[in-house]
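A short write-up of the structure that comes next.
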Amino acid sequence: MKKFRAFTCSALLLSALLAVTPSVVQARGIVSGRAFDSYRLPNTTVPTHYTLRLDTDIHREIFDYTGNVQIRINVLEATDQIVLHSSRSEITHVQLRNGVGLSVPVKNFEFDEDKEFLVVNVGTTLQPNTGTYTLEIDFTNSIARNDQAGFYRSSYDDENGVRRYLGLTQFESVDARTSFPCYDEPGIKTTYDILIVCGIDYHARSNAPLRGIQLLEGGKKLSTFATTPRMQTYLVAWLVSDFKYEREVLTDPQLAIASWSKPSSVHLLSYSVDASKRFMRAMEEYFDQLYSMSKIDNVAIKDEDYAAGAMENWGLVTYKESAISYGPEDGEQRQVGVLTIVGHEFTHQFFGNLLAPKWWSYLWLNEGFARLYQYYLGAISHPELQLRERFVTGPFQTALRADNSLTVRPMTYYTETRPSISRLFDSIAYDKSACVLRMMNYALGERTFQKGLRYYLQQNKERGVVEESNLFDSLEQAAKEDAVLPISLSIHEIFGSWSHQPGVPLVKVRRDGNEYLFTQERYIANTPPEEPFENSWWIPISFSTPSNNAFEKLPAFWMPPNVSEVAYTIETVQDEVVSFNPHSTGYYRVEYEESMLRELIERINKDHTGFEPATRARLIDDTLNIAQSRGGNYDVVLQLLNYMQRETDYVPWAVAYENLRHMQRMLRTNEAVSQLLERFIEKIASPLLERYGGVYHRTGESASVEELRTIAIDLSCSGSQSCKDDAQSAVRSLASKKHYTMEDNALLCHGLQQSNAEQRKALQAQFSQALSDKNLDNPSAKQFLLQSLSCLGGDMTKVQSFAKYLLALSESDRTKALHRLLVELNVPLAEIVQSLQSELSQRRSNSVYYKHGPKLIFEIARYVTDPADVQLLSSVASSYDSWVASEIEQQVNANLNWVEQNVEPLKNALTRYFDA
């Protein structure tokens with residue numbers, strides 16, 4: 001029989017007086033006989049308002065806190081139980097009152113620990129439509145936890161080296177319940193009154209504006225906040241700290257925008273305030289919707305204490321410190337980073353906060369919009385940063401890579417348990433969903449799509465809870481009004497084909513005179529299954545020619561699902577070529593018949609400027625990926641890449657760079673073919689380094705130029721003597737530098753590869769000293785040093801273990817560090833895996849490191865091409881659920897298939913290229 005923790009209300013008082021911990025007993029069974037066979041709340045009752053009071057002593061370095069929550073509830077169906085969520089809190093008193101304040105008897109309460117339910121057994125049957133009840137619960141809890149979730153502690157060292165503590169919240173997805181008893185589901189929205197007691201020298205912030213402060217005895221004060229908008233529990237937030245802020249108050253309408261950090265970093269917050277101001281006003285105008293409160297705060301949390309990265313809490317947004325810090329000497333690339341993360345979280349204030357998903361199945365309605373508009377609204381608020389083109393090199397590429405496996409899930413996907421909900425926060429929810437939304441934006445036309453989203457917000461904001469059909473209805477209304485769809489098509493049919501199916505389409509096209517014939521199938525990066533897929537989509541087909549760009553973003557036609565072939569006529573003048581999906585507006589790959597592909601490659605080698613940069617990037621990415629999926633025609637691939645000796649644009653280079661690094665990864669244990677590939681890469685990339693005037697950053701350069709130069713250093717420095725010399729200089733000057741650029745990181749790594757043992761030892765000591773320096777207040781400088789630590793290769797373990805280092809990095813930084821260690825510096829994969837195994841064995845299963853272990857295991861698995869490494873990696877995965885081992889097995893099999901299919905064809909093509 002399942003075990004519950006059960007307590008009677010009279011026993012609580014006695015146990016409190018005697019200071020006896022209530023015992024764990026076997027339950028008699030739920031009083032009403034209800035079987036909790038689901039992780040969803042039964043919802044016989046719903047909350048209509050919370051009043052939450054917390055009493056903290058963080059200023060005294062006491063990390064326990066007490067709380068009182070009063071939840072007004074309505075009864076929806078007759079019940080003798082009130083079921084809500086609670087975990088970690090010790091309940092000290094429970095009482096229930098009816099609408100006139102009279103006590104309603106409570107028999108006892110019980111915990112279903114698996115489902116994290118708090119079950120309050122009532123001494124009578126509560127009937128619907130009998131007014132409001134108030135459930136009041138007293139509880140204690142602690143912020144001394146190591147999972148960086150719920151209400152937990154962080155710290156910083158002040159200018160005198162004194163450790164200062166603070167308390168913050170991170171509730172998404174299901175950790176509000178670990179901090180106070182609540183109805184912790186995303187579709188349950190209500191209002192909150194929050195009151196927080198803290199030390200008089202500290203202050204509290206929460207979602208809503210501060211309403212008043214009352215001084216209390218014992219050097220404490222009570223902060224009371226205005227009532228929040230109706231919102232779900234995972235958005236509830238508060239901060240108890242002695243942080244300082246930068247603020248700007250906007251008018252018409254009034255809005256106070258502030259960014260908070262530890263006192264010594266306040267001077268790095270000005271850009272985040274300005275970016276927030278510009279983005280917020282652009283967002284309000286674009287969607288014709290005002291932000292719903294009079295303040296919004298950004299809070300910078302020490303990187304090591306904030307695994308979430310950023311969180312869109314309504315009115316109190318939290319970030320890693322390095323994510324929103326910007327110094328006067330930082331380049332434009334840092335501006336791009338600050339703006340896009342602020343833009344992502346601010347977009348959530350509408351998509352996710354104002355409109356909440358009915359259940360986690362529709363998480364993509366939050367994250368897809370936030371990912372898309374961090375770029376597309378950022379391009380409106382900050383046109384100088386050219387963010388729209390960065391969508392193609394960022395989320396679009398990430399989505400295609402994530403969506404090419406056999407076991408990937410669809411966008412809309414139902415699950416219930418804590419671990420499986422956590423796994424929904426993946427590239428499908430963020431990047432693929434953003435790509436599909438962006439595709440619809442272009443397929444309907446931006447004006448119609450914008451109108452549809454305005455309808456979506458206006459028609460649903462009062463109820464505040466949505467599912468995908470609400471979005472489809474609003475887009476349908478706008479599409480019909482503007483007559484942008486064939487009369488026989490509906491948004492529900494079109495969009496549903498994308499949200500309910502996994503995978504990315506591959507559109508195959510062949511030519512017969514001026515008639516082009518199209519088929520579609522699901523694209524898989526490796527060998528497809530023996531049974532063909534049944535996936536099929538409504539696909540908007542776009543194209544361009546030198547004389548016709550009318551359909552370069554708009555669809556020329558919709559390719560229907562479940563048809564064998566579609567024909568479409570395109571009139572061209574003599575010698576014109578046609579490119580399909582030229583701006584990557586459609587979420588699909590294109591495979592040209594070989595004669596068409598060779599013609600495109602011939603033209604691009606003659607004059608690549610005759611094609612838009614996005615068109616060149618799409619051709620590179622599709623050609624390389626299709627070739628690698630089949631061990632295909634690498635002579636054609638090399639002929640295409642050969643033109644890049646003349647390429648100067650960021651977009652094609654960023655896409656090619658990602659593909660070349662994948663090939664390097666797969667060939668890391670094959671020295672002969674790796675050397676051939678490196679020789680080819682140096683040839684096509686060396687002119688790029690010369691074209692941008694060497695390796696050093698110039699003040700005022702765009703982010704694209706910064707990244708292009710970094711790509712050129714990474715790919716060609718080993719073949720350039722001047723670059724090698726500059727790299728050596730970078731090593732010698734590291735100790736004297738106070739400010740670092742993107743290029744410095746790449747140069748430092750190349751310089752270290754040429755350094756002798758004495759130089760490496762000296763640099764290792766510099767890293768160790770700098771990273772432990774409590775006076776290093778610049779988060780960007782600290783981030784640079786952490787990113788560069790992997791340049792030491794195996795020697796870095798004298799400063800920090802591989803596992804501890806990699807687990808502490810952001811996902812993007814971790815990807816770069818692993819490539820550097822395993823590919824560029826040939827660190828044995830087994831050493832990294834053994835380090836991870838050792839680290840995880842010392843961590844409790846609820847620690848943040850342990851919870852993030854699978855992500856690092858998956859990253860490492862992308863490098864496994866030697867069967868000897870498989871067993872070692874599997875042994876680390878064995879401490880997790882079986883799905884982890886299954887994912888690893890799939891990735892390793894894909895790697896081994898790649899090697900079997902591609903090594904010989906690639907080697908032969910490279911040999912012929914250099915012999916020609």
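Note that Cβ sites are derived from N, Cα and C of the backbone, with glycine treated the same way.
Small disclaimer: the values here were computed from a predicted structure and weren't measured.
What TrEMBL lists as domain 'Aminopeptidase N-like N-terminal' is 46-235. Sequence annotations record features per position, and here TrEMBL assigns domain 'Peptidase M1 membrane alanine aminopeptidase' to 271-498. What TrEMBL records for His344, His348, Glu367 is Zn(2+) binding site. According to TrEMBL, the active site, proton acceptor annotation covers Glu345. Residues annotated as domain 'ERAP1-like C-terminal' in TrEMBL: 578-793.
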Cβ neighbour count within 10 Å of the residue listed as 'active site, proton acceptor': 27
Intrachain C-beta neighbours of His348 (Zn(2+) binding site), sequence separation six or more, cut-off 8 angstroms: Glu312, Asn366, Ala370
Among His344, Glu367, which are binding-site residues, the residue with the most C-beta atoms within 10 angstroms of its C-beta: Glu367
Nearest-integer angstrom distance between the alpha carbons (Cα) of Glu367 (Zn(2+) binding site) and Glu345 (active site, proton acceptor): 10
Cβ-centroid neighbours of Zn(2+) site His344, His348, Glu367, 8 Å, sequence order: Glu312, Glu345, Thr347, Phe351, Gly352, Asn366, Phe369, Ala370, Arg371, Gln374, Tyr430
